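In Swiss-Prot this protein carries:
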SIGNAL    1-22  signal peptide
REPEAT    190-213  repeat 'Cys-rich CT 7'
REPEAT    238-261  repeat 'Cys-rich CT 9'
REPEAT    262-285  repeat 'Cys-rich CT 10'
CARBOHYD  ASN270  N-linked glycosylation site
CARBOHYD  ASN271  N-linked glycosylation site
CARBOHYD  ASN415  N-linked glycosylation site
REPEAT    454-477  repeat 'Cys-rich CT 18'
REPEAT    526-549  repeat 'Cys-rich CT 21'
CARBOHYD  ASN535  N-linked glycosylation site
CARBOHYD  ASN655  N-linked glycosylation site
CARBOHYD  ASN751  N-linked glycosylation site
REPEAT    766-789  repeat 'Cys-rich CT 31'
REPEAT    790-813  repeat 'Cys-rich CT 32'
CARBOHYD  ASN871  N-linked glycosylation site
REPEAT    958-981  repeat 'Cys-rich CT 39'
CARBOHYD  ASN1015  N-linked glycosylation site
REPEAT    1030-1053  repeat 'Cys-rich CT 42'
REPEAT    1102-1125  repeat 'Cys-rich CT 45'
CARBOHYD  ASN1110  N-linked glycosylation site
REPEAT    1150-1173  repeat 'Cys-rich CT 47'
CARBOHYD  ASN1255  N-linked glycosylation site
CARBOHYD  ASN1351  N-linked glycosylation site
CARBOHYD  ASN1530  N-linked glycosylation site
REPEAT    1658-1682  repeat 'Cys-rich CT 66'
Amino acid sequence: MKISIFILLLFISSMVIISVNAETETIQTNTACDCDDDCDDGNRWSTDMCSAGLLFGKYCTHTQICCDDENACTIDSCSKTSGCVHTPINVDDKNPCTIDSCIKGFISHTQISCDDKNACTIDSCDCSSGCQNKPMSCDDNNPCTVDSCNNSTGCRNTPISVDDNNPCTIDSCSKSTGVVHIPINVDDLNPCTIDACTKEGGVTHTPVNVDDNNKCTTDSCSLFTGITHTEICCDDNNACTDDSCSPSTGCVNTPISCDDKNPCTVDSCNNSTGCCYTPINVDDNNPCTIDACTKSTGVTHTPINVDDNNQCTTDSCTKEGGVTHTPVNTDDNNPCTVDSCSPFTGVSHTPINVDDNNKCTIDACTKEGGVTHTPVNTDDNNACTLDSCSPLTGVTHTPINCDDKKACTVDSCSNSTGCVNTPISCDDNNPCTVDTCDDSTGCCNTPINVDDNNPCTVDACTKSTGVTHTPVNVDDNNKCTIDACTKEGGVTHTPVNTDDNNACTLDNCSPLTGVTHTPINCDDKKACTVDSCSNSTGCVNTPISCDDNNPCTVDSCDDITGCCNTPINVDDNNPCTVDACTKSTGVTHTPVNVDDNNKCTIDACTKEGGVTHTPVNTDDNNACTLDSCSPSTGVSHTPINCDDSNPCTVDSCSNSTGCVNTPVNVDDNNPCTVDACTKSTGVTHTPVNVDDNNKCTIDACTKEGGVTHTPVNTDDNNACTIDSCSPSTGISHTPINCDDKKACTVDSCSNSTGCVNTPISCDDNNPCTVDSCDDLTGCCNTPINVDDNNPCTIDACTKSTGVTHTPVNVDDNNKCTIDTCTKEGGVTHTPVNTDDNNACTLDSCSPSTGVSHTPINCDDNNKCTVDSCSNSTGCVNTPINCDDSNPCTVDSCNNSTGCVNTPVNVDDNNPCTVDACTKSTGVTHTPVNVDDNNKCTIDACTKEGGVTHTPVNTDDNNACTIDACTKEGGVTHTPVNTDDNNACTLDSCSPSTGVSHTPINCDDSNPCTVDSCSNSTGCCNTPINVDDNNPCTVDSCTKPTGVTHTPVNVDDNNKCTIDACTKEGGVTHTPVNTDDNNACTLDSCSPSTGISHAPINCDDSNPCTIDSCNNSTGCCNTPINVDDNNPCTVDSCTKSGGVTHTPVNVDDNNKCTTDACTKEGGVTHTPISCDDNNACTIDSCSNSTGCVNTPISCDDRNPCTVDTCTKEKGCQHSPIDTDDSNKCTIDACSSTTGVTHTSINCDDNNACTFDSCSNSTGCVSTPISCDDKNPCTLDSCDKKTGCCNTPINVDDNDKCTTDSCTKEGGVTHTPISCDDNNACTTDSCSKSTGCVNKPISCDDSNPCTVDSCSNSTGCCNTPINVDDNNPCTTDSCTKSGGVTHTPVNVDDNNKCTTDSCTKEGGITHTPISCDDNNPCTLDSCSPTTGCVNKPMNVDDNDACTTDTCNKDGTITHTPINTDDNNKCTLDACSPKTGVTHTPINCDDGNKCTINSCSPSVGCISTPVSCPKPKDKCSISQCDSAKGCIEVPMNCTSDKCNEASCCDGVCTSKPISCPKPKNKCQVAKCDLIKGCTVSNVVCDDGNACTEDSCCSDTGKCQFEPIKLPKNKNKCIISKCDPIKGTITNSTVNCECDDLCNIGECCEDTGKCNYRQKDCDDNNPKTADSCDSKTGKCINKPYNVITSGSNLISGLIGGLIGGGTGGKGDCKTCKN
């Protein structure tokens, strides 16, 4: 048992030893030993050691080294001789096609590579023989390729060259048809070209020949309308041509014929108006002919009839002097005959009757001495007696009665001058009164009525101006009203109409500036809109188009910066694509090349994992392919051929059913193409024919809008054309016809306003014609009628002098006649008045020697008279007294029989009296009743004019009356009320100066009062007039202070005036300027409240505008922003509906999109997913039907790829390696051409470089030179277009030069010619606008001409035709009066005819009947006077009887009444000479009277009216001896004024009182005392100042009174300026911040402030003070807060609750 345990222990021990070192093999033997040498076993590959045993003793151990090479593919052993041995294991599988190996213990048999690096062999390995390299076949069964093989790249199927060098074919090749050469479509869809193609010239588009060989058409061709032949306009704008057109020669402008077959006109033609028929000048410059022209006779010069039907003239006419009517010489040189001439009977020499049957004259006549009547001398040298001589009674000296019973005269008699009835003067020198004198009551000065019953005048009358009717000032100083005044409505202020019917203006009106039409600001501040304004609708903000036709940009618009074409983000976040975008292709995501050149791997790339090379699964589960894989060619799935040779199908193969030929989707979603597909042409997208065969529409088609036919704009902005459009011919601009068919206008057309019919001028510059114009015939220059119906003038007219009326020569060479001529009586030769006012001479006259005065013989051979002669009265043959005391008889004495008492003739031949005679009253001539019951007229009657009713002059020139007149009350001169209700004045009125109130003397010896009288109590001591001539002071005077001048209160309590006062202008209340320069307020002013700026109402009642106002421009109605920032709504606004947000229509009628709209993303058309999770189908969608999953054909017909398809991956096309190591080629492989090494395009898109290529470095771009050595170009280079030799801008911005540049001369600026060869324009040139051909004005301001203009000759002022075809009018036209049709003078100067005129019969002269049914007349008719009912001769040759014929034809001879009721004559009658009324002599020898005689009272001596003196400061007086003299005017004044006369007015100039030496005294003047001195009063109204005056300067000084000084400067003493009392107050140191405690420092008077102490001595609180309440706030800190908050809290506590220190007191009440 013990042994067993021992053995077990040994085993365990040995196991422990062995296991201690696993890397060595240690063998312990039972050989005992003492040292290592005892244990050598002779094996050098072991370590021999002597070591202690496990339990007891020492034993030898042999440790074998380790031979493990850590290679599982070797058998490791150790040989005593050689050591470690590592024997490879046997891996050979006996297969030549594998390489056998062992790696880390794993045996592998790797298939060897049989790749011979020849792409033209199919490499494989045979299990028996090893590698095999068989040549491969490259035939692709494609007639379009040349098949070959390249050892490095493999099969090459190079596309054959299909180019037949014919530009007229499209060369192509297809698998089914082979090479084809299809003729190209040369049609450019332009009807204006002939499209063709030739091998030599290629495609040509030759312009068609549009010429129709017709010169009457403009031939053209338009892309839209094709060839058109538009008729040309042959109108040469010449009214003198007939315009037509000949197809062979073109326009024909044949001159028209203007011959009117009238010899009386000059026929011409005006280019602008047409035929012009100017009357010829028929004037032969001979005043002795009547020049005329008629159509039948032509021009005639008929001698005028010079006979004036006056036998007293010799009538003749000479070319030089014209018509003369020379008076015949009637003088027979015999003073004893009266030589006369009657126009009807001729010259007569009637013996004069020298017998005056007057015993008071001696009558005689001798050829030498003529007739003499020597008067008797009746003068007793007493002007107060009436000295007379009666042929019957002789000389009498009757005292005259000078009483005229009139209150208006002062009656007297002067022995020297006789009666003086001096009219009193009632003239009050007041134009506002009617000054009259009533014979019973005296002077009357009635105020005139100034009221003109017109509310639009201020009616007044002043002494200086008289009656004035001043128009009222209707101007309310408001330019927004039309101010007017009408008699009916008075003053009106009608608001102006500010609306200019233009929605583009803001219409407003300012009272100061008037109506304004401020253009509204349509700028919406958006760069994305074109802002404009429509006059009818207002602002239009049209969005601009930002489409740059670049698919690589997102086109948008920013309202601030404008169009933004942001490059799109092409990154699809897919590592498997190369992302790019070009303008031609748009965004492309080109797959990355994942090819690892191992065609048996699926080289792929996923968005998540990137590029992967997964071994291919050659099984495509597709019955349509043969699946295989070759390392060189890869997996092949050879498709079955499903090509049906139909380009209209997508040929594919269904995994389950076989070939699928799906019709292609030809819809390109473009409404502008007709999409189709045919077997011959394939898919075509033919542009739709948009032509609607309507030349009036612009036909177009856009992808968005489809076909549109937009009407063309026919407006050529020319008012002279009618713009229209014909669907067949297109737009036409037909010139409008401006011909008004009037020869009197020049017809033209203005492009801006349309027809202009300008009147022509017919002025022939001949004053002897009436120039007019007839709309049919043109100018008419009718000779004027020069006859002024005045026999005293010779009437003529010449071109140089015009119409002249030369006075006739009336001298008959007879000194005994006064030769005159009157319009009524013609030439008269009135016998001169031979009377020398000496009654004692016989006054006569000899035609040759003139008047003579021969002393008369006063013996009247009449026993009834005593004969004598008085120088004043002549012969005095004092009648015997035959008075029978019957006033109704003329008492006379018959030279032979004695007294004769003949009944008086009461008829005074005065239509103004009713004549009668009674014994009691005598002869009465009762004035007719002229009263028209209107007391405002002076009803009168004169012998000549009969009854008249003259409006009275109510002005009595009396300032003391109010003059007026009423129909009922007549003229009234109401005395003015002179009573001033002041008993202390003497009230009076002077007719010249007006009312005066003379004060009584109430002098109280007080220099400060004007002593006057109280109305009720007597004397009143009124303050003197202290007026310092300063309207700005209230002047007063008090006894203690003297005169004071207190400034006036200018305040008119009207807040609308600036109240001021100046010495010159006085108090003024200037209207304030209410304009606040703010167009947004209506500025006005109320007297009570002042200026107000009421905001104007800018509400335009349009919910679509934000109504605001701009201070400078006024109302601004800005369109509101209707954008709700929601792209899902169409935002708009209308006046009626306001803002609307209509949901957008998101339906794009596309079943392939999910249409939606969100506020964030806008409208989206999210394509629906048609993915069937089968990568082998083309998942598409038809817009009309929805998803289509068409099996794809993976045949890309690309020899460069191996095509496969899996449900998961889809088609796989592995690219071949095309690199030829040439940097000048793009190595590629094309499905049609195979691998190509296309020369790279080194075009850097920079036309400014010469691009080339280096095989080693690639493209080289060398800059080109663009210098063309031409000074007229700016040489530059444009990257896009290349050299740009841009003509320099030679424009000098002067449109008056032609700017050019030549290679030789450089830039030139040649002045242009603005001559338009049109005489009707003023040609000039404007730098800014160019030629200005301004039409000249042909207006001659003559209504008698049609003013026109001829392009060649200029202005044509053609006389208008004034003929109204009425023989009863004289038709004429004058510059001032225009056309007049004056009734013709039908008077044939034959008063024996009734002259008339009718339009039908013309002038007729019907004989009148002169039968007066009176047996006492011989009835006849005189052409000059008319009916003559000549009384039969009943004359008994007794001049003292009235011979009459009675109604029954019997004749009676009644004695005449010699009394002419004229006290100024001595009345007598001689049977031979008849009644005589010898004037009496009334001369009183007084130069201050005008001696005259009144028929009713006799002699009158009227005071002379002396003329106003030349010196207005003199007055006229009359001296009886000298007559009128001038004496200075007497002007009086008071003691303060110096009186003088200035310009006829007494003026008083204030005297200048001497200035006192003391400047604190002022000089003043007392009206009674004169100059006095008073002290200056200095009172500033402040009781706290001491007022004084500085005697040096005279200026007031106002020194503040001295306030008591306080030791405590915190006490302030103040003075009350009104009461003058002194009060003390303390400085207020209180603050608005109640945490500041203020105290006043007594030493300085200044406030010191300290912060209120709120420290509660608690470190755990933040101490502060509330400034509003003054209360302390002790807020515990928040100890949980962060450190920063704690610090800020502590700082806040320290700041807020600090103690002491000066607080911040920003606002103190002090």
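Each Cβ is built from the backbone N, Cα and C atoms, and glycine gets one as well.
Features as recorded by Swiss-Prot, highlighted on the structure.
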residue : record                      : CB count, 10 Å
ASN270  : N-linked glycosylation site : 25
ASN271  : N-linked glycosylation site : 22
ASN415  : N-linked glycosylation site : 12
ASN535  : N-linked glycosylation site : 11
ASN655  : N-linked glycosylation site : 17
ASN751  : N-linked glycosylation site : 11
ASN871  : N-linked glycosylation site : 16
ASN1255 : N-linked glycosylation site : 10
ASN1351 : N-linked glycosylation site : 18
ASN1530 : N-linked glycosylation site : 9
Candidate nearest ASN1351 (N-linked glycosylation site) in space, where candidates are the glycosylation sites ASN655, ASN1110, ASN1530 and distance is Cα-Cα: ASN1110
Using Cα positions only, nearest of the glycosylation sites to ASN535 (N-linked glycosylation site) (ASN655, ASN1110, ASN1255, ASN1530): ASN1110
Residue numbers, six or more beyond the limits of the repeat 'Cys-rich CT 45' (1102-1125), whose CB comes under 8 Å of its CB atoms: 506, 508, 516, 518, 520-521, 524, 538-539, 541, 1077-1080, 1095-1096, 1131-1135, 1138-1139, 1141, 1159
Of the glycosylation sites listed as ASN655, ASN871, ASN1255, the one whose CA lies nearest the CA of ASN1530 (N-linked glycosylation site): ASN871
The repeat 'Cys-rich CT 31' (766-789) versus listed stretches 262-285, 958-981, 1150-1173: most Cβ pairs under 8 Å: 262-285
Intrachain neighbours beyond the repeat 'Cys-rich CT 9' (238-261), with Cβ under 8 angstroms and 6 or more residues off its ends: 213-216, 231-232, 267-277, 295, 739, 747, 777, 1351
Residues of the parent chain within Cβ reach of the repeat 'Cys-rich CT 21' (526-549), under 8 Å, 6 or more residues beyond its termini: 501-504, 519-520, 555-565, 583, 1117, 1119
Assigned conformation of ASN271 (N-linked glycosylation site) - DSSP reduced to three states: coil
ASN1255 (N-linked glycosylation site) versus ASN270 (N-linked glycosylation site) - Cα distance in angstrom: 85
Using Cα positions only, nearest of the glycosylation sites to ASN751 (N-linked glycosylation site) (ASN271, ASN415, ASN871, ASN1110, ASN1255): ASN271
Other parts of the chain folded back onto the repeat 'Cys-rich CT 32' (790-813), taken as Cβ under 8 Å at six or more residues beyond its ends: 283, 285, 287, 308, 321-331, 766-768, 783-784, 819-823, 826-829, 847
Nearest of the glycosylation sites (ASN271, ASN415, ASN871, ASN1110, ASN1255) to ASN655 (N-linked glycosylation site) - Cα to Cα: ASN1255
Three-state composition of the repeat 'Cys-rich CT 9' (238-261), taking helix and strand from DSSP: 0 helix, 12 strand, 12 coil
Cα separation, ASN871 (N-linked glycosylation site) to ASN415 (N-linked glycosylation site) (Å, whole number): 16
For ASN871 (N-linked glycosylation site), the one of ASN271, ASN1110, ASN1255 that lies nearest, given that the glycosylation sites are compared by Cα: ASN271
Cα-Cα distance linking ASN1110 (N-linked glycosylation site) and ASN1255 (N-linked glycosylation site), given in Å to the nearest integer: 72
Inter-residue Cα distance where the pair is ASN271 (N-linked glycosylation site) and ASN1110 (N-linked glycosylation site), in Å: 57
The repeat 'Cys-rich CT 18' (454-477), counted residue by residue under DSSP: helix, strand, coil: 0 helix, 12 strand, 12 coil
Residue counts (helix, strand, coil, in that order) that DSSP gives for the repeat 'Cys-rich CT 47' (1150-1173): 0 helix, 12 strand, 12 coil
Number of helical, extended and coil residues in the repeat 'Cys-rich CT 39' (958-981), per DSSP: 0 helix, 12 strand, 12 coil
